[in-house]
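What TrEMBL annotates here:
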ACT_SITE  THR185  active site, nucleophile
BINDING   ARG213, VAL214, GLY215, ASP216, THR236, GLY237, ASP238, GLY239  substrate binding site
Amino acid sequence: ASSAALPVVINTWAFRTAAETAWRVLESGGSELDAVERGCGQCEIDQCDGSVGYGGSPDESGETTLDAMIMDGNTMEVGAVADLRRVKNAIGVARKVIEYTKHTLLVGESASLFAVRMGFPYEDLTTHKSLSLYSEWLNLNCQPNYWKNVVPDSSKSCGPYKRREEVTYKEEQTSSQRSVHNHDTIGMVVIGVSGTVASGTSTNGAIHKLPGRVGDSPIAGAGSYADSTAGGAAATGDGDIMMRFLPSYQAVEYMRMGTDPTVACQKVIFRIQKYAPKFFGAIICANTTGSYGAACNKIPGFTQFHFMVSSPLLSRPTEQVVDCI
């Protein structure tokens, strides 16, 4: 368990500039929502590990699309975008969904049109890097991919695929294609001096995903969750599996019942393990006293999870590590 102090900023992975940016926003008098938006937005600019922002994780057609959400733990309002195209600042657009609409989630081309109406420029999300990732994948017979029960055999060829008449059910093999080198999100929780909670995520999703695929990141309660009466949480990893369990919502509910943040995170991981023991994923948790924790599922190649914490008890934003369970 961590020592408790407010304010606190916690974010997934060793994304230091994101943590520093969010902390500076708080120090300069910005709101918790401002800190989340600017912190996650910094990762969009930095293209954190190629898994956030433009120029990474091309889908099956070679296009990079973005997902993001932001949540206000005071009002329980959420703004989210998914399958966003040609607009770089996904979490900025998500914030505008809260501020200028009565909706929660906008998707696809319509989300892009909304972004333009809100003043965001159209920009190309493709780069030399994303094009090379796409061409390399094509040269490897489109391996790995996310198809199953199709002809021709999706483990050996690129398709186009058609459905097989007979559907076979077997355990999903996800750990081979999702790994610590292919993580897919910045998730951030910010808790202010008064205990106000905000959270958010931004990602360009799973590399080589089917066009139109949306993972856990922009889904409230899955990618992140904030409640100023309890705390906040954010998840990262294999969103197709993790979103089925609403891990961020579940972690916040555990903390509401008085569970220590580290234990709340661990209980969420254990819950998913029962159904998907080989899933790749981690979660961060913080309660309204400023106590925080994290947990991850132990699989080959992923035995520790690194995350960033900023608090008055630390001289600067600090990378912390937790052993996976």
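Cβ coordinates come from backbone N, Cα and C, glycine included.
No curator has checked TrEMBL annotations; they are predicted automatically.
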Please report the number of other Cβ atoms within 10 Å of the Cβ of THR185 (active site, nucleophile). 32
Listed binding-site residues are ARG213, VAL214, THR236, GLY237; which of them have CA atoms within 10 A of the CA of THR185 (active site, nucleophile)? THR236, GLY237
Per the record, substrate is bound by ARG213, VAL214, GLY215, ASP216, THR236, GLY237, ASP238, GLY239: how many Å separate the farthest pair of Cα atoms? 16
If you count the other Cβ atoms within 10 Å of each Cβ, which of the binding-site residues GLY215, GLY237, GLY239 comes out on top? GLY237
Number of Cβ atoms other than its own within 10 Å, given for ARG213 (substrate binding site): 18
Identify, among the binding-site residues ASP216, ASP238, the residue whose Cβ has the fewest other Cβ atoms within 10 Å in this structure. ASP238
Taking 10 A as the limit, how many CB atoms besides its own sit near the CB of THR236 (substrate binding site)? 29
What residues, ordered by sequence, lie under 8 A Cβ-to-Cβ from VAL214 (substrate binding site) and sit at least six positions away in the same chain? ASP67, ALA82, ASP83, VAL107, GLY205
